[in-house]
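Enquirer: To start, I am sharing the structure in question, which I have written as structure tokens.
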Amino acid sequence: MARAKLPRSPSEGKAGPGDTPAGSAAPEEPHGLSPLLPTRGGGSVGSDVGQRLHVEDFSLDSSLSQVQVEFYVNENTFKERLKLFFIKNQRSSLRIRLFNFSLKLLTCLLYIVRVLLDNPDQGIGCWGCTKYNYTFNGSSSEFHWAPILWVERKMALWVIQVIVATISFLETMLLIYLSYKGNIWEQIFHVSFVLEMINTLPFIITVFWPPLRNLFIPVFLNCWLAKHALENMINDFHRAILRTQSAMFNQVLILFCTLLCLVFTGTCGIQHLERAGGNLNLLTSFYFCIVTFSTVGFGDVTPKIWPSQLLVVILICVTLVVLPLQFEELVYLWMERQKSGGNYSRHRARTEKHVVLCVSSLKIDLLMDFLNEFYAHPRLQDYYVVILCPSEMDVQVRRVLQIPLWSQRVIYLQGSALKDQDLMRAKMDNGEACFILSSRNEVDRTAADHQTILRAWAVKDFAPNCPLYVQILKPENKFHVKFADHVVCEEECKYAMLALNCICPATSTLITLLVHTSRGQEGQESPEQWQRMYGRCSGNEVYHIRMGDSKFFREYEGKSFTYAAFHAHKKYGVCLIGLKREENKSILLNPGPRHILAASDTCFYINITKEENSAFIFKQEEKQKRRGLAGQALYEGPSRLPVHSIIASMGTVAMDLQNTDCRPSQGGSGGGGGKLTLPTENGSGSRRPSIAPVLELADSSALLPCDLLSDQSEDEVTPSDDEGLSVVEYVKGYPPNSPYIGSSPTLCHLLPVKAPFCCLRLDKGCKHNSYEDAKAYGFKNKLIIVSAETAGNGLYNFIVPLRAYYRSRRELNPIVLLLDNKPDHHFLEAICCFPMVYYMEGSVDNLDSLLQCGIIYADNLVVVDKESTMSAEEDYMADAKTIVNVQTMFRLFPSLSITTELTHPSNMRFMQFRAKDSYSLALSKLEKQERENGSNLAFMFRLPFAAGRVFSISMLDTLLYQSFVKDYMITITRLLLGLDTTPGSGYLCAMKVTEDDLWIRTYGRLFQKLCSSSAEIPIGIYRTECHVFSSEPHDLRAQSQISVNMEDCEDTREAKGPWGTRAASGGGSTHGRHGGSADPVEHPLLRRKSLQWARKLSRKSSKQAGKAPMTTDWITQQRLSLYRRSERQELSELVKNRMKHLGLPTTGYEDVANLTASDVMNRVNLGYLQDEMNDHHQNTLSYVLINPPPDTRLEPNDIVYLIRSDPLAHVTSSSQSRKSSCSNKLSSCNPETRDETQL
């Protein structure tokens, strides 16, 4: 119903407002208002308004007050109804076309029946006329047309053909009428209409002229009409089922029907024309057509008269024109389908399992990383990977996907995740998971994130039940995809990992090896022990199991977490790192000895393989004891053990579990309290040092005498190391200004009052202070310099882990941000609350900028990959500038530890490229061999990566892929990196082993020592070794080398203060555990070991000196050495001159020529080490051992990775009692060691 305003009639205009026209009915409602209008009432004013409205706008006749309007009346006509039924309606038109197709096939079948029933020998003539016989004379070229014009047609067959022709004719005329658009001639001269008239109109004429009933009518041409009807029917069918991707199917169908119609037309045409010639039957004509179309013909069957010969020529010409066009169209569609990838069928999606990978552009490195990591898990072998990418597949990807290993399991679809049609093609709603990756090589990374966000929204809208795994680049965009099941923010993880690299060396290597799937078989065929041990330990990964179902941990139910961790490692070689309560979703790393294990707990542990795939071989205790004694007498090294023995034979370590107290040595005033102090046994040195047992239940009196909450009070009573500097007050709290939404709150060391923005500038003084260089600040710890292009929000995550509350105040290193562009106020507002954080504008390729930011006073320099150089015209050239700049810095500052981020992991080989170094060439061959063996970690033996000096964020892509099987990996990684802080969860730190700590002997005894004294869980070792390499171009087996400890090469120079040439202890928690050295007389074992190392080194040196005669090669080496020394002196003078020019003091600069073994260790990244130490080409290498076997020998300068329990874990339960007990113990605690763990 609708209302319309009608003009007033003349009578209505004359009538008064209260009058009613004659003959009109009284209105049903007052004032004639529609019931749809709101009523107005309540007072005279409302009534007057209502009447005025009625008089002006609704003064209608009561009979016309409501008007019913009908819509789409144009479709109610007879023609429109017919058009709707025959053409517009999908289902009805499909039925009509199916009927028409069947009708055409029936006419062709009736023609074949007429040919089979026809017998020319019975006579030829019109219906009702006299018949005569005709015989063809093969010797004469003349023939009669009568056998061609007249055929024999039975009466019943004629009736059926007439009826079918009449129906077809009427249908054709009706469709012509319905589809008429103003041009009748275009429809009349259409090929389909002409064929219809040829095949139907003669039959209708024979009804009115009987003699023509035997007239030949080429009914077999209806096959082409049937083909046309079939095409229309398939189109209607696809439209009815809403199938849009049907072009390929249609083209194949058209090609097949065209071939069939050509053969059928040729067969029937030649058979009929040869009635006047050789009188061929249908089968012979069909054989002739097939032979003629497929070959040049055999000549056994040939047409006899010229009309049939002419027909053959015409058919061949048509075939040569039509078929190539059809094939061209088919090939084009096939190529397009190869590009787009076709469809993933619904049947496969329901019967098979598949995951979808959505990317902006697919590169070969990204593809292989995903496939290798995804299919590394045994239970994913039956999964299919459907790649949905808007760009065309490049040549390298196409070549890889043609390999049988991947072609059977990977399907590439070209399409957009924003289109529901493409998501339907990928069957996203049936997928097991959807991985959405950002394009990190884009110049505008924010735009790349925006595309990722839209893809995630589109997938969530289309398939809300499909698990989402999203990779995001910028941390400020993370909250847009918070709904995803798993999210990895690239910049968050990158900056946090680079920060931990400065205080826990090679954290990047540790995390990378943990998140890669490996069986620990890399390097096992290498002749070098470090490669075998490093490769085997790289197979350790994080696994989980319910404690009640575990053979590893079931026996420790009701015991403390620390007790279970130690004994599981001792017995099975597994490292228990954390757990999760059944009623709590939070994962806790090392919850401490107060945590009692329950059967419902989920345990997370590090091992070569998961427990379900492990076999247990239990041996008799006597054999274990004997083997343990033999292991003490002769150390064969962990590399002698097979891979499975790490699990099967972990109970072979002899541990002295006597219940003795561990007391710090009372030697020097610096005291030993911060290291693994050697306990004394009543003054007797005959007994082997013992370690206290790990208690089943925590003893509160024996645990951490002072937690880190007392750090504030410690600082108040601790005298300053430098009397000229005042003690700066820090507070613990949460940063007040987060630079982006979604950052995890972390308790940090903060300034009591925010620093003014002017004070954050390192190289410029202000009204608050006049410092203009790092020397003037007088920092006690070495600097950490970060070189970045812009101060993005991700850089905030570099600062937070280094200022976390669990870091000791005395271990905080000053942080200098060397930025190409000036930071905005929003970023400065976020960092102004942190202590000792400064910025400076400059570039890493400018020597003046490096000197002004205090690079000569820095221990660590982090070079972050620049966004503007992440994309290059030539692949893998994006890192060229970064690599060259880092090379230059290593030449200028050899003692500096530089961590470099690269865009492409394959470029890390240039970080230590030496063309004539045989050892580097051998490592390159080893990498190629591992890659051929299918290893996911082929790059692991590159020395810069093994040492943790180079990192690429693409290495962490596997973290997202591994989360499909291990949904806890992202959470554990963020806890290790300090990005998330869960109450009660521990944190990652490091401890350095010195010669005074070697009484521990083995890693298993160290595990017990740490668990019993400070409840810390070691998870690995960072080891640095000195090697002497031969310069001869032999392989690794022929290389002459020795392995000694760094302490044998170290200069015995004393510490010269914070800016001295060599400090006794470096900055950061890495070196925070060792203090002054104890008397070597107390350690005869250490003296003997040092003498053995010295003799081995001297013997090796004397052998090489004796084998080096005065030859031309030796003279060349000497000249080269002199040349390099002069080069180093030149570089040293260059740096000093620039410092003088800038007005910087040169007293802190260390001469490049005076290299020590520590310098060599720090320069393992780049390899300018040949001929720099001595004539024996000494070099160093560093590597990470994850969860080594308990009988692994400790070496000096080993750095042990620890998971330390949260010092705030139990504060809420007994805060008052802890506060009083800590205050009572402050006087008894050594003030220099309170922040470290008492061991």
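Using the three backbone atoms N, Cα and C, a Cβ is placed for every residue, glycine included.
Straight out of Swiss-Prot:
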| type | residues | note |
| --- | --- | --- |
| BINDING | Val296, Gly297 | K(+) 1 binding site |
| COMPBIAS | 1213-1230 | compositional bias 'Low complexity' |
| DOMAIN | 352-488 | domain 'RCK N-terminal 1' |
| REGION | 1-45 | region 'Disordered' |
| REGION | 658-689 | region 'Disordered' |
| REGION | 1053-1081 | region 'Disordered' |
| REGION | 1212-1239 | region 'Disordered' |
| TOPO_DOM | 1-93 | topological domain 'Cytoplasmic' |
| TOPO_DOM | 127-153 | topological domain 'Extracellular' |
| TOPO_DOM | 179-192 | topological domain 'Cytoplasmic' |
| TOPO_DOM | 209-215 | topological domain 'Extracellular' |
| TOPO_DOM | 234-246 | topological domain 'Cytoplasmic' |
| TOPO_DOM | 275-281 | topological domain 'Extracellular' |
| TOPO_DOM | 339-1239 | topological domain 'Cytoplasmic' |
Enquirer: Six or more residues beyond either end and a Cβ under 8 Å away: which residues meet both conditions relative to the topological domain 'Cytoplasmic' (179-192)?
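Expert: The answer is 87, 225, 228.
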Enquirer: Using Cβ atoms and a strict cutoff of less than 8 Å, what residues sit near the topological domain 'Extracellular' (209-215) while being 6 or more residues removed from its termini?
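Expert: Same-chain residues near the topological domain 'Extracellular' (209-215) but 6 or more away: 125-129, 149-153, 158, 202.
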Enquirer: Other than its close neighbours in sequence, what residues sit by the topological domain 'Extracellular' (275-281), given a CB gap under 8 Å and a spacing of at least six beyond its ends?
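Expert: Apart from its flanks, the topological domain 'Extracellular' (275-281) reaches 120, 134, 136, 138, 143-148, 288, 301, 303-305, 307-308.
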Enquirer: Is it possible to list how many residues within the domain 'RCK N-terminal 1' (352-488) are helical, extended or coil according to DSSP?
Expert: 59 helix, 30 strand, 48 coil
Enquirer: By DSSP, what is the split of the topological domain 'Extracellular' (209-215) into helix, strand and coil residues?
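Expert: Helix, strand and coil residues of the topological domain 'Extracellular' (209-215) number 5 helix, 1 strand, 1 coil.
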